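TrEMBL has this to say about the protein:
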DOMAIN    20-55  domain 'EF-hand'
DOMAIN    69-104  domain 'EF-hand'
REGION    142-177  region 'Disordered'
Amino acid sequence: MSLVLVDGSMIRSFVQQTELFADRVNAIFDSLDKNADKVLTRAEIRPAIEKLNLLDMHMGEPVKLPEDELNAFYDEIFTKFDIDANGVVDKDEFRESIKDILLAIADGLGSFPLQMLVDENSLINQAAKSVRLTRTLSRYTANTPSPLSSPVGRGPSTDPISTGSPLASPVRAGTQF
Ligand SMILES: [Ca+2]
Ligand SMILES: [Ca+2]
């Protein structure tokens, strides 16, 4: 488990990275599809729903329900996943449903960051990671001076570390000539 700080916009931006999102969701689908017949049954999908911790999200307190209520809860979710109601969930149905659930969580979070205790492999954690990665990358590729790049910019002609760096050389050429 890890503690991540998430807000609605982080989850939304993860869902909107269509390829990355599909990639992650398909990986989860394949890991759930124990008999590899490309569809998920009720029994196969249940661990995924459990992983979303939908029940545990009320004030962070685990909710204990009687077994029959729990089954009814998972049944209801399964019927939401099974959009064409043919008794199994295919990849497209799974992805669409996960997307809806994440967007619903995003709406619930709004713009107020919330600390969540999440499973290392959970989608929420991956959303947090992917957004963190995107933010880091955009910081490195930005041309405007940022707190991170200013030490390099301070001594462009004498800084030995940045000499020969493929990233730094175009900037260097621009300032010298
Ligand atoms: Ca299956
Ligand atoms: Ca179906």
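In case you wondered, yes, glycine gets a Cβ from its N, Cα and C as well.
For the domain 'EF-hand' (69-104), the predicted model reports an average pLDDT of 92. Outside the domain 'EF-hand' (69-104), and at least 6 residues removed from its termini, the chain residues within Cβ reach (under 8 Å) are 11-12, 14-15, 21-22, 25-26, 28-29, 38-42, 45-46, 49, 52, 54-55, 123-124, 127. The DSSP breakdown of the domain 'EF-hand' (20-55), given as helix, strand and coil counts, is 24 helix, 2 strand, 10 coil.
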